[in-house]
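Undergrad: The signal peptide feature in TrEMBL is assigned to 1-19. Under the heading domain 'VWFA', TrEMBL lists 94-270, 356-421. TrEMBL lists 306-338 with the feature domain 'EGF-like'. Residues or ranges marked as disulfide bond by TrEMBL: Cys310-Cys320.
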Amino acid sequence: MRVFCLLLLTLSAVVETDAFIFGIIESIWNTATKIFGTVFDWTLTSFNKFVDTGFEVGGTALGVVVDPFGWFEPSIDDHGHNTGKVAKCPARADILFVIDTSGSMSKQEFNLAKNFASRLSEHFQMSDKDVLFAAITFSDRVQRVFDFKTYTNHDGLSLGLALFPFLGGGTKTYLALDYVIQQNLFSTSNGGREQASKVVVVLTDGSSDSLLKTKAAADRLNRLYQVVAVGIGSGLGIELQNIASGYRNVFTADSFASLVRIEQRVARRLCEIPEADGNIPATGEGSGTCATGFQKSPTNKASCVDINECKTKHSCQGTCVNTIGSYRCTCKAGFVIDPKDTGKCSSLRSCTSQVDVVFVIDASGSIGSENFKTQQTFLAKLTHHFIVGPKGTLFGGLLFSTNVTKLFDLNKYTSRTDITT
């Protein structure tokens with residue numbers, strides 16, 4: 001029998017390709033061999049388990065990784081927290097958490113949000129010469145939890161985050177954003193430092209009570225500070241884009257439990273901001289030394305700048321992608337990173353099942369031409385993992401915005417070359 005799969009692709013579903021493709025291939029493979037009469041209902045149920053972690057646009061992580069079976073469940077020692085070996089960013093920054101505590105979340109979910117903030121802080125050196133944190137909460141009111149001079153170590157910060165109360169009520173996000181400015185939370189009187197990057201991290205699980213008021217408040221805040229928006233759940237795309245200082249600062253997870261999966265990406269982006277400001281300080285006596293992956297700034301010997309390992313030495317068999325303080329490897333279509341050697345690429349097995357796959361592609365104005373090209377590239381790469389033809393996988397395509405446009409029927413193309421060209 002042939003199995004029919006519907007793949008809905010919007011901007012929030014363009015992904016970091018290797019992990020996403022692996023998830024889709026395994027999903028279709030198992031579906032084709034194990035599921036019979038209830039395939040479509042089962043597929044829709046599985047779609048509710050998508051986990052947002054990021055896609056790549058020019059080296060920047062943004063959208064989602066599909067993991068309906070939980071194969072990518074983080075290990076018990078995820079990111080090195082249990083061993084005390086979390087990679088730390090040597091930045092100089094003041095980071096303010098703005099945490100949603102509205103009634104749309106449970107107290108258990110609230111605790112997961114606080115735990116996420118605590119885990120995120122562990123990716124940074126914390127002291128009055130490195131990174132300091134402050135926090136406020138909001139619902140239909142705003143409450144200051146602690147400022148930048150309250151805690152100078154992770155133990156104190158974790159305790160402070162654990163103890164602050166759950167408010168409940170509405171989601172007046174705009175009140176919290178305006179509160180940051182009105183109360184001058186980054187001022188020296190509140191523990192802020194003049195020679196530190198200023199970053200606001202908004203963590204929310206629902207749309208605000210007023211999209212327009214939130215947009216206006218976010219515009220005011222973005223004129224002063226870098227704002228990173230982390231959303232939990234679906235339907236938050238427009239609001240997160242409005243809140244954040246550009247698409248690179250938008251992150252989403254499908255549930256509070258899934259926040260752990262975007263933790264490292266958010267931390268990496270938070271480290272990039274002070275690095276761009278020149279706020280990676282040299283340490284030690286005199287002009288100091290730089291952390292691994294950094295070198296002295298040619299214009300300021302007291303600061304460090306990132307080393308682009310991709311232009312020097314790297315171990316990538318495929319493509320090298322520079323990151324702050326390090327680098328990572330990616331592979332061409334049909335290959336993924338070898339789990340035993342992250343510098344090598346291993347070929348993915350092709351799906352040989354008989355499957356009909358229809359791409360339903362978002363072409364609305366919110367996507368933009370560049371992101372639309374990214375979607376096209378992703379879909380073309382995805383087809384490389386299937387045996388295309390009447391005895392294998394056939395692909396169809398639809399575009400949707402205000403209206404729906406049929407691109408091609410399932411029987412239109414019988415080779416991968418025809419589809420991708």
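Heads up, the Cβ atoms here are built off N, Cα and C, so glycines get one too.
Mind mapping these onto the model and telling me what they sit next to?
TA: Averaged over the domain 'EGF-like' (306-338), the predicted model has a pLDDT of 83.
Secondary structure at Cys320 (disulfide bond), as computed by DSSP, is strand.
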Undergrad: With an 8 Å cut-off on Cβ-Cβ distance and a minimum sequence separation of at least 6, pull the same-chain contacts of Cys320 (disulfide bond), or say none.
TA: Glu309, Cys310, His314, Tyr327, Arg328, Cys329
Undergrad: Counting across all protein chains shown, how many other Cβ atoms sit within 10 Å of the Cβ of Cys310 (disulfide bond)?
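TA: The answer is 17.
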Undergrad: So, in DSSP terms, is Cys310 (disulfide bond) helix, strand, or coil?
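TA: Helix, per DSSP.
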